[in-house]
Amino acid sequence: NLFQFEKLIKKSGMLWYSAYGCYCGWGGQGRPKDATDRCCFVHDCCYGKVTGCNPKCGGTNPCKKQICECDRAAAICFRDNLKTYDSKTYWKYPK
């Protein structure tokens, strides 16, 4: 869930990433604007590849593990690309 994801990325997902670039937050189109936006694009694609699952599912089923892996990969991507985060240019960027 979102709270677990925020704990994983050590930032507030709602504050830092909810309206960043073309892919962070709801929806997305076009080319990612920078490496941070690309992390969101890859995260969206990862969720899209998790078949037959709802990101809110719980328990120890494969769905939860696949979603967790998507979130873990995104957290690593955000960490590795934190220097590209440019809120002055890409915050609330038109989607």
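Glycine too: its Cβ is placed from the backbone N, Cα and C atoms.
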(message) Looking at the Ca(2+) binding annotation from Swiss-Prot, with Tyr23, Gly25, Gly27 already listed, which candidate in Asp34, Asp44 is the matching residue?
(response) Asp44
(request) Have a look at Swiss-Prot and say which candidate in Cys22, Cys70, Cys77 forms the disulphide with Cys46. (result) Cys70
(message) Which one, Cys22, Cys39, Cys40, is listed by Swiss-Prot as the other cysteine in the disulfide with Cys24?
(response) Cys40
(request) With Cys77 as one half of a disulfide in Swiss-Prot, pick the other half from Cys39, Cys45. (result) Cys39
(request) Give the distance between the Cα atoms of Cys63 (disulfide bond) and His43 (active site), rounded to the nearest whole Å. (result) 15
(request) Using all protein chains in view, find how many other C-beta atoms are within 10 Å of the C-beta of Cys63 (disulfide bond). (result) 18
